[in-house]
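Worksheet for the structure shown next.
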Amino acid sequence: MAVGGIPCDSRKNYAGKFTCKVIFACVVAASGGLIFGYDLGISGGVTSMDPFLQKFFPKVYRKEISVQPSDDQYCKFDNQILTLFTSSLYLAALLSSMTASRITRGLGRKVTMMFGGLLFAFGAIINGFAANLLMLIFGRVLLGFGIGFANQSVPIYLSEIAPFKYRGALNMMFQMSITIGILVANLLNYFTAKIEGGRGWRISLGGAVVPGLIFFLGCFFLSDSPNSLLERNKYEEAKDMLRRIRGIYNVDEEFKDLAKASEAAKLVQSPWRDILSRKYRPQLTFAILIPLFQQLTGMNVFVFYAPVLFKSMGFGNNASLMSALITSIVNSCATLVSIATVDKYGRRTLFLLGGLQMFVCQAVMTISIASKFGSSGSPGQLPLWFSAIVVVAMCVYIAGFAYSWGPLGWLVPSEIFPLEIRSAAQSITVAVNMIFTFAIAQVFTAMLCNLKFGLFIFFAICVVGLSIFIYKLLPETKGVPIEEMALVWKNHPYWTKFVVDKSSSLVMGKLELII
């Protein structure tokens with residue numbers, strides 16, 4: 001195969017079948033994406049509901065109802081307390097991802113995932129019964145803790161449990177669950193906004209308990225990955241688990257490689273310190289830059305604030321929620337494209353095609369909004385054709401993200417880390433993702449108010465930059481066993497100078513007896 005155009009000699013071809021146990025484990029683990037997606041979709045919807053704004057953000061509500069079509073539509077939702085409601089969750093997720101790293105390594109992936117589901121469910125209950133802003137923010141923080149635990153452990157678990165030939169598609173089930181969560185949330189928002197009495201927002205926020213419990217209870221029926229069991233010295237259990245998920249008895253070759261990686265991992269006393277060493281420079285670079293660039297595509301702005309954004313553009317309240325619902329359906333459908341093609345065409349191809357598609361759509365949206373809103377933000381009465389262009393452009397943009405930077409932003413980091421730094425590196429990925437999710441969520445309304453249509457130009461420039469980065473520096477990782485990933489760095493023209501070629505026999509005597 002090719003690694004960024006350079007041949008990669010990977011002779012490993014582990015035996016095994018595509019078993020029902022693997023499918024079940026991946027479906028259950030990937031359901032952790034439901035909690036992340038549900039929150040992404042629900043928060044933007046409730047912040048466009050008038051009863052919610054009246055109760056918790058009366059200043060925003062009074063400002064909204066006083067704005068006329070001839071006024072500046074860019075700035076009507078510019079309120080830092082309102083954006084704190086959305087972004088506080090991601091700050092909590094950032095903090096919890098660091099703790100999750102230690103739990104993932106010490107207690108296993110399964111326990112970490114269960115913690116995530118339980119904390120999310122508790123946060124949902126508090127939000128559903130929130131009586132004041134403090135209670136609302138506290139519930140959001142618990143939701144964030146749950147998401148931090150889930151996002152740290154699920155991608156690792158999926159990459160470790162999946163056969164390497166299907167790792168891309170199975171790992172992307174996490175992103176598929178995220179899109180389903182967004183779709184369900186937007187669908188629920190659309191109907192709860194119509195409930196008389198103004199309590200529909202409670203159903204929307206409290207409904208998050210359902211995906212939280214689905215994830216928590218589902219994890220009871222999972223076994224930990226062989227990698228995680230070896231990491232905790234459970235050699236016989238690890239080999240038995242590997243046999244069950246591969247559907248064959250003779251798994252000696254794969255188990256031997258996993259055991260070697262595990263022994264190498266145990267020599268690392270401080271993965272947080274070691275990940276800074278030169279030999280891990282490629283992995284650290286992508287652990288930081290891929291989640292950073294994923295946020296700089298601007299996608300989460302549209303997911304968080306699609307109803308608010310459409311409402312600011314003059315769409316009615318129900319029309320804005322319907323537009324958000326349409327875009328979430330597109331998001332889910334396009335993710336299926338990625339699942340079907342990632343292991344055939346590779347990660348780099350999807351990254352670059354998605355980047356091109358997003359750039360073109362952002363250019364169309366910039367021209368459309370600039371022509372109607374200008375710098376004054378006063379569009380007057382918007383014609384139907386304009387609304388159609390904006391919605392179509394946003395749908396095509398979201399489709400481009402959904403088959404590229406959305407799922408690949410979680411897949412690629414989770415599959416490139418060696419076992420000894422895997423938990424720490426995944427925590428860095430989640431932390432960076434949450435830092436910039438928090439930052440963009442917090443400053444978006446202010447950016448929209450100050451940059452106006454230039455906001456879309458900003459994200460378009462970012463898409464160009466991140467596409468160049470992928471083209472120049474990301475090696476292709478499709479079809480490479482997770483424990484053989486060092487080959488892609490050794491064969492890359494830039495990263496090879498950082499890689500230290502280690503040849504060691506790290507399997508101890510007790511392992512030889514098992515093998």
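Every residue gets a Cβ built from N, Cα and C, even glycine.
Over in TrEMBL, the protein carries these features:
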- 18-38: transmembrane segment (TRANSMEM)
- 25-478: domain 'Major facilitator superfamily (MFS) profile' (DOMAIN)
- 81-99: transmembrane segment (TRANSMEM)
- 111-131: transmembrane segment (TRANSMEM)
- 137-158: transmembrane segment (TRANSMEM)
- 170-191: transmembrane segment (TRANSMEM)
- 203-222: transmembrane segment (TRANSMEM)
- 286-308: transmembrane segment (TRANSMEM)
- 320-342: transmembrane segment (TRANSMEM)
- 349-370: transmembrane segment (TRANSMEM)
- 382-403: transmembrane segment (TRANSMEM)
- 424-447: transmembrane segment (TRANSMEM)
- 453-474: transmembrane segment (TRANSMEM)
Do the transmembrane segment (81-99) and the transmembrane segment (137-158) share at least 3 Cβ pairs closer than 8 Å, excluding pairs fewer than 6 residues apart in sequence?
yes
Other parts of the chain folded back onto the transmembrane segment (18-38), taken as Cβ under 8 Å at six or more residues beyond its ends:
109, 113, 116-117, 120, 143, 146-147, 150-151, 153-154, 157-158, 161-163, 166, 170, 173-185, 207-208, 211-212, 214-215, 218-219, 221-223, 244-247
In terms of Cβ proximity under 8 Å, which residues at least six beyond the ends of the transmembrane segment (170-191) contact it?
22, 26-27, 29-42, 45-46, 49, 154-155, 158-159, 161-162, 200, 203-204, 207, 211, 303, 306-307, 318, 321-322, 324-325, 328-329, 331-332, 335-336, 338-339, 342, 402, 406-407, 410-411, 414-415
Is the transmembrane segment (111-131) close to the transmembrane segment (203-222), in the sense of at least 3 CB pairs under 8 angstroms with a sequence gap of 6 or more?
yes
CB contact flag for the transmembrane segment (320-342) and the transmembrane segment (382-403), at least three pairs under 8 A:
yes
Chain residues in Cβ proximity to the transmembrane segment (349-370) (below 8 Å; excluding those fewer than six residues from its ends, i.e. six or more beyond):
297-298, 313, 338, 341-342, 386, 389-390, 393-394, 396-397, 399-401, 403-405, 408, 453, 456-457, 459-460, 463-464, 466-467, 470-471, 474
Could you tell me whether the transmembrane segment (111-131) and the transmembrane segment (424-447) are in contact, taking contact to mean 3+ Cβ pairs under 8 Å with a sequence separation of 6 or more?
no
For the domain 'Major facilitator superfamily (MFS) profile' (25-478), the mean pLDDT of the predicted model:
82
